[in-house]
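Report on the structure given below.
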Amino acid sequence: MHKTGITRFVSDLHLSAERPDLTARFAAFLAETAASKITTLFILGDLFDAWIGDDDLAQPFNTEVCSLLRKLSDQGTHLFFIAGNRDFLIGDTFSQAAGLQRLGEVERVCEKVGAKVGAKVGSDDTAVLIMHGDTLCTDDTDYQAFRQQVRTAAWQTDFLARPLAERRAEATALRQKSMAATKTKSQTIMDVNAEAVRQALIASGCHRLIHGHTHRPGCEQIMLADGVAERWVLSDWDSHRGDALEVSTEGSIRRIDLSG
């Protein structure tokens, strides 16, 4: 593993065979990450626009992305992954092939060394809370109900038992339904709930939160009883959007423009 101690975070790349431009930018980012000897890369969900099961890994596009990640892992960068709302079916087969470690939905990490730390570690200035971010959008009750349903073992077992073609068609239908619903929802409902953010920070003992999902990159300060916390939001990747967050060994954070 590289010893620079520098950690990077990305989210919401939405990679698909239909968007070779995004795949090319991701490949360039990974190559630069390797050249910079980055110690750790965290992917905070929605790496893929849709993932219908690890048995689809043989599909050429999926194999290509897996190989890109494996190359970075083999070059010495430690890879961690938190599932998003589009790729929560990524399992052990893909993870092992890509050389990455899957994490839980919410994790505390030590930013100075880029290492995952246990939940029992006490509050300190070196810990950061990371997640995909959809669990913070508690005002969107329809989405939260759907999320709860598809994260059950029963739903996933039933879905994964279906033929790949059927799963692919259903994933497309679900995405179209989601896009249609999004057009009728207010922007406020689809953003994070401020109290949900506060409670997540308090429960973790962290004073820094990094997440994606909302596609609203930025940084805000949040007043807590024991001090000021920061919420950093990653951008999604699209034709003219994309970024990464980089945390130095001293704990300073900067946004890297990857808009192309």
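Backbone N, Cα and C define each Cβ position, glycine as well.
Just so you know, TrEMBL annotations are computer predictions that nobody has curated.
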Recorded substrate site member, picked from His211, His213, His215, that accompanies Asn85, Arg86, Asp140, Ser178, Thr182, Lys185 in TrEMBL: His213
Of the candidates Asp46, Asp54, Asp55, the one that TrEMBL places in the Mn(2+) 1 site of Asp12, His14, His215: Asp46
Close in space, distant in sequence - Asn85 (Mn(2+) 2 binding site), Cβ under 8 Å, 6 or more apart: Gly45, Asp46, His132, Asp134, Arg147, His213
Cβ neighbours within the same chain of Asp140 (substrate binding site) - under 8 Å, at least six residues apart: Lys185, Ile189, Met190
Tertiary neighbours of Asp12 (Mn(2+) 1 binding site) (same chain, Cβ under 8 Å, six or more apart): Leu44, Gly45, Asp46, Gly84, Gly212, His213, His215, Leu234, Ser235, Asp236, Trp237
Cβ-Cβ distance under 8 Å to His14 (Mn(2+) 1 binding site), same chain, at least six residues away: Leu22, Asp46, Phe48, Asp49, Arg86, Asp236, Trp237, Asp238
Shell of the Mn(2+) 1 site beyond Asp12, His14, Asp46, His215, same chain only (C-beta within 8 angstroms of their C-beta centre): Ser11, Leu13, Gly45, Gly84, Arg86, Gly212, His213, Asp236, Trp237
Neighbourhood of Ser178 (substrate binding site), C-beta criterion under 8 angstroms, separation at least six: none
